[in-house]
Amino acid sequence: MWTVQNRESLGLLSFPVMITMVCCAHSTNEPSNMSYVKETVDRLLKGYDIRLRPDFGGPPVDVGMRIDVASIDMVSEVNMDYTLTMYFQQSWKDKRLSYSGIPLNLTLDNRVADQLWVPDTYFLNDKKSFVHGVTVKNRMIRLHPDGTVLYGLRITTTAACMMDLRRYPLDEQNCTLEIESYGYTTDDIEFYWNGGEGAVTGVNKIELPQFSIVDYKMVSKKVEFTTGAYPRLSLSFRLKRNIGYFILQTYMPSTLITILSWVSFWINYDASAARVALGITTVLTMTTISTHLRETLPKIPYVKAIDIYLMGCFVFVFLALLEYAFVNYIFFGKGPQKKGASKQDQSANEKNKLEMNKVQVDAHGNILLSTLEIRNETSGSEVLTSVSDPKATMYSYDSASIQYRKPLSSREAYGRALDRHGVPSKGRIRRRASQLKVKIPDLTDVNSIDKWSRMFFPITFSLFNVVYWLYYVH
């Protein structure tokens with residue numbers, strides 16, 4: 001019951017207040033009040049000297065900064081810069097622009113800003129900037145009764161961002177926006193972030209194709225020059241590069257091409273056309289990938305992380321091609337030469353043996369000792385005797401069927417005994433040699449070279465990848 005009566009009394013009291021507000025708003029739009037506003041603005045601008053800062057000769061002017069980041073359009077590694085679009089607002093107090101009698105803020109035409117004093121703010125690391133002008137110049141000037149001035153601009157700036165690309169593309173970059181007074185020192189003007197941590201907004205809404213904004217910081221400081229100390233505000237963005245694009249465009253193709261080069265180890269070694277074509281194709285493809293990557297990056301003096309990976313892949317591909325060159329040399333070059341030389345030596349030895357084993361006989365069947373050599377070993381020396389008869393008719397017989405018996409000397413008997421006792425030692429040597437052949441591949445066997453390459457290349461490439469990713473990925 002009492003609650004209903006209280007509500008009715010509040011309604012009766014608030015009704016006159018609402019009527020008063022409506023009347024005041026209506027009176028503001030009346031021609032007499034519009035003329036008063038016009039007279040107030042004319043009075044403020046009349047005699048206003050834009051050449052002098054507020055409170056000239058007194059304390060420095062405090063200028064507050066606010067930034068609403070609209071977008072980060074591009075981050076370029078080639079030019080070492082980034083493009084930022086923002087709503088940049090500055091506020092300060094100018095007692096010459098204070099007014100009374102109008103309980104409203106005056107938002108004026110953007111051309112009025114040319115008739116008022118504004119801070120000489122500039123971006124220190126700016127390369128190219130402009131104020132948007134569609135459909136009109138995007139700037140705002142707003143006056144408050146106490147003389148506070150709010151000056152806003154919509155700006156797109158391309159600012160320098162010096163990047164360290166040693167860990168590219170697994171890197172993080174810090175790009176800053178430096179705001180400074182060009183002419184006024186700290187004796188005349190002071191900069192501060194208006195709103196503290198909330199002075200910069202819109203950063204969390206930004207999405208970049210190749211980067212993620214991990215964090216941002218606001219810094220206020222003073223810098224010393226020969227002409228004095230100047231105020232500076234710094235907005236720093238910490239950008240982390242997204243690796244997904246580079247995995248699909250660079251790392252995965254390079255890895256697959258490297259693996260493709262190993263297919264030649266399973267192709268027959270006498271298929272020269274297939275193996276050479278595969279090796280050259282993979283080498284040229286790796287060269288193309290490296291060239292395309294260099295075109296998208298600046299010419300810097302140090303080695304980047306992606307350069308190390310591409311260089312490693314190129315080395316593996318090139319070694320696969322050299323492996324076939326080695327196999328080809330063993331099979332078609334050095335191997336046949338050795339076989340030909342051994343065959344020639346063997347045929348020469350057989351020919352000498354045949355000539356030594358041939359005897360000559362005359363027509364009566366008498367053996368002529370013109371070419372038969374009788375070797376007698378006595379007291380560690382050889383006695384060679386030969387008799388010849390040039391008049392006899394000669395027939396050649398193989399002396400392999402002729403057997404000569406002679407008693408064994410003590411030296412020969414001792415040598416045969418040593419041979420019989422030496423057989424086990426030779427067997428042990430052969431077994432050790434066979435064990436060594438299992439451990440050490442025969443580099444003269446082309447099949448063995450390909451077989452070992454099938455294991456060596458994948459293992460070493462996998463080890464290279466493990467070391468690379470463990471080092472560069474945190």
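If you go along the chain as it appears here, the first residue is 1 and each next one adds 1.
Cβ atoms are placed via backbone N, Cα and C, with glycine included.
As the structure is a computational prediction, the values presented were derived from the model and not from experiment.
Topology note: V118 and N328 are separated by the membrane (different topological domain names in Swiss-Prot). Checking the candidates C161, C313 against Swiss-Prot, the cysteine paired with C175 through a disulfide bond is C161. Using a Cβ-Cβ cut-off under 8 Å and counting only residues 6 or more beyond its ends in the same chain, the transmembrane segment (452-473) has close neighbours at 167, 170, 255, 258-259, 262, 265-266, 305, 308-309, 312, 316, 319-320, 323, 441. Taking a C-beta cut-off of under 8 Å and a sequence gap of six or more, C175 (disulfide bond) has these contacts in its own chain: V75, Y82, A159, C161, S236, F237, L239. The recorded positions N105, N174, S181, T227 differ in how many other CB atoms lie within 10 Å of their CB, and the one with the most is S181. Note: the Cα of Y122 (histamine binding site) and the Cα of N174 (N-linked glycosylation site) are spaced 20 Å from each other. Of all the binding-site residues in the record (S181, Y182, T227), the one with the smallest CA separation from N105 (N-linked glycosylation site) is S181. Remote same-chain residues near the transmembrane segment (246-267) are listed as 169, 274-275, 278-279, 282, 285-286, 289, 293, 306, 309-310, 313, 316-317, 320-321, 323-324, 450, 453-454, 457-458, 461, 465 (criterion: CB distance under 8 Å, separation of at least six residues from the stretch ends).
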